[in-house]
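J.: Attaching a single structure in structure tokens format; questions to follow.
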Amino acid sequence: MVKLDFSSQDEENDEDLTKEFVRDEAPMEETTSEAVKQIATTTKETLKDVVVNKVIDVKDVVKEKVMQQTGMPEWAFVFLGFVFILLVLACAFCLIRKLFGKKRHGEKNKKGGLKGFFGKGQDVVDGKNIQGMAQDLEELGDAMEQNEKEQAEEKEEVKLGRIQYKLDYDFQQGQLTVTVIQAEDLPGMDMSGTSDPYVKLYLLPEKKKKVETKVHRKTLNPVFNETFIFKVAFNEITAKTLVFAIYDFDRFSKHDQIGQVLIPLGKIDLGAVIEEWKDIAPPPDDKEAEKSLGDICFSLRYVPTAGKLTVVILEAKNLKKMDVGGLSDPYVKIVLMQGGKRLKKKKTSIKKCTLNPYYNESFSFEVPFEQIQKVSLMITVMDYDKLGSNDAIGRCLLGCNGTGAELRHWMDMLASPRRPIAQWHTLGPVEEEGDKKDDKK
């Protein structure tokens with residue numbers, strides 16, 4: 001009997017089947033994983049698209065509702081958003097500068113001078129603070145330039161010294177007692193470096209009474225101790241200004257004015273004795289004073305329903321000297337004009353021997369409402385002369401031919417009907433030869 005042994009053959013067959021199964025199983029696993037990944041990716045993309053579409057839909061719905069409620073176009077929302085972003089950035093910049101700027105300035109002050117900028121501190125070495133350092137350097141440069149300018153101005157400013165005086169007003173007697181006590185640190189006006197100072201006193205605006213101290217030879221610190229009395233009523237003293245004019249005496253030429261001190265008596269307490277020092281100010285510029293013609297104050301009022309234009313000449317000040325004695329006899333001439341033709345002319349009273357006349361005189365002109373924009377008003381300050389012709393000092397031109405402050409005054413009057421509008425004006429030159437002279441009053 002023959003026995004057949006199939007064990008080894010079966011084992012070999014099993015091994016072959018196992019190998020084939022393993023070879024077939026590997027591709028199956030790879031295919032499955034790839035499919036799973038593809039499904040996951042597709043799902044994510046689909047979900048992302050859905051979410052984005054939903055967000056866009058919600059945004060569109062909100063935008064439409066807001067636009068319907070506010071009535072604003074789309075570009076307006078874009079503009080407002082841009083402005084909001086700019087405001088946020090500006091606030092952030094200011095906050096950062098406020099927080100860190102103080103710290104830098106504090107450190108600079110502690111270290112002193114320029115050391116805080118160019119020392120070995122961490123704020124300079126750290127690259128993050130380079131921009132802040134550059135900004136501080138720029139500010140420092142500007143501050144240094146400003147300091148240099150101020151120092152240059154201080155060097156150019158000449159010290160004229162100061163003067164000590166005493167004021168005492170007697171209300172019962174109506175008199176002002178002025179004592180010139182002393183002066184010190186006066187500038188040297190002579191070749192030797194000294195001066196021969198004296199003080200001239202008078203009251204503005206009249207300059208009628210002038211008094212002088214004695215001359216003190218070759219000194220920059222004179223002691224005067226001289227007293228003078230001015231008769232001034234109490235109802236007039238508040239409009240006066242006391243002048244201390246300091247001069248250097250010269251025997252053979254014109255005396256040079258060192259400087260002056262002005263005391264407005266309306267701004268001090270006359271009920272008490274005043275004794276104080278005052279710095280001496282530079283003297284007035286004679287050339288500029290000669291060019292100035294003065295100022296005039298008047299009010300304008302127009303009533304459209306009545307067609308009535310009212311001009312009130314109030315006062316004038318600092319008028320140009322026209323007479324030999326250094327004064328003038330001023331009056332004011334008002335001329336209503338249209339198309340170069342004079343419609344009506346009126347004049348104030350004459351104020352004798354003054355450069356600061358007070359009038360408070362009213363004049364009326366009939367001007368219909370349809371003509372008010374076509375007329376001009378020429379206000380001229382004249383100097384009365386008893387023997388010769390009256391000369392013009394200066395004038396203002398208002399109305400349709402006016403310019404600058406005169407035109408603004410006229411427009412303010414028209415914008416405020418029935419209400420008087422008062423204003424000061426600087427007198428301009430009278431260019432027309434025919435207006436420089438006037439007939440007798």
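Each Cβ is built from the backbone N, Cα and C atoms, and glycine gets one as well.
So Swiss-Prot lists these for the protein:
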TOPO_DOM  1-69  topological domain 'Vesicular'
TRANSMEM  70-96  transmembrane segment
TOPO_DOM  97-441  topological domain 'Cytoplasmic'
DOMAIN    159-278  domain 'C2 1'
BINDING   ASP190, ASP196, ASP248, PHE249, ASP250  Ca(2+) 1 binding site
BINDING   ASP190, ASP248, ASP250, ASP256  Ca(2+) 2 binding site
BINDING   ASP250, SER253, LYS254, ASP256  Ca(2+) 3 binding site
DOMAIN    292-425  domain 'C2 2'
BINDING   ASP323, ASP383, ASP385, ASP391  Ca(2+) 5 binding site
BINDING   ASP323, ASP329, ASP383, ASP385  Ca(2+) 4 binding site
J.: Averaged over the topological domain 'Cytoplasmic' (97-441), what pLDDT does the prediction give?
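T.: Over the topological domain 'Cytoplasmic' (97-441), the predicted model scores a mean pLDDT of 81.
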J.: Can you tell which of the binding-site residues ASP248, PHE249, LYS254, ASP256, ASP329 lies nearest to ASP323 (Ca(2+) 5 binding site) in space, using Cα positions?
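T.: Going through ASP248, PHE249, LYS254, ASP256, ASP329 one by one, the Cα closest to that of ASP323 (Ca(2+) 5 binding site) is ASP329.
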J.: Treating G and I as helix alongside H, and B as strand alongside E, what does DSSP give for the domain 'C2 2' (292-425) in helix, strand and coil?
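T.: Taking the domain 'C2 2' (292-425) as a whole: 15 helix, 68 strand, 51 coil.
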J.: Are there any residues at least 6 positions away along the chain from PHE249 (Ca(2+) 1 binding site) with a Cβ closer than 8 Å to its Cβ? List them or say none.
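T.: In sequence order, the residues whose Cβ lies under 8 Å from that of PHE249 (Ca(2+) 1 binding site) (at least 6 apart) are ASP196, PRO197, TYR198, VAL215, HIS255.
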J.: Only counting partners 6 or more residues apart, tell me which same-chain residues put their Cβ under 8 Å from the Cβ of ASP385 (Ca(2+) 5 binding site).
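T.: Same-chain residues close to ASP385 (Ca(2+) 5 binding site) (Cβ under 8 Å, separated by 6 or more) are ASP329, ASP391.
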J.: Please identify, from the binding-site residues ASP329, ASP383, the residue with the sparsest Cβ neighbourhood, meaning fewest other Cβ atoms within 10 angstroms.
T.: ASP329
J.: Which residues in the same chain, at least 6 apart in sequence, have a Cβ under 8 Å from the Cβ of ASP248 (Ca(2+) 1 binding site)?
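T.: In sequence order, the residues whose Cβ lies under 8 Å from that of ASP248 (Ca(2+) 1 binding site) (at least 6 apart) are MET189, ASP190, SER195, ASP196, PRO197, HIS255, ASP256, GLN257, ILE258.
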J.: If you take the centroid of the Cβ atoms of ASP323, ASP383, ASP385, ASP391, the listed Ca(2+) 5 site, which other residues of that chain have their Cβ within 8 Å of it?
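T.: Result: MET322, SER328, ASP329, MET382, TYR384, GLY388, ASN390.
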J.: Work out, from DSSP, the number of helix, strand and coil residues along the domain 'C2 1' (159-278).
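T.: Across the domain 'C2 1' (159-278), DSSP assigns the residues as follows: 7 helix, 61 strand, 52 coil.
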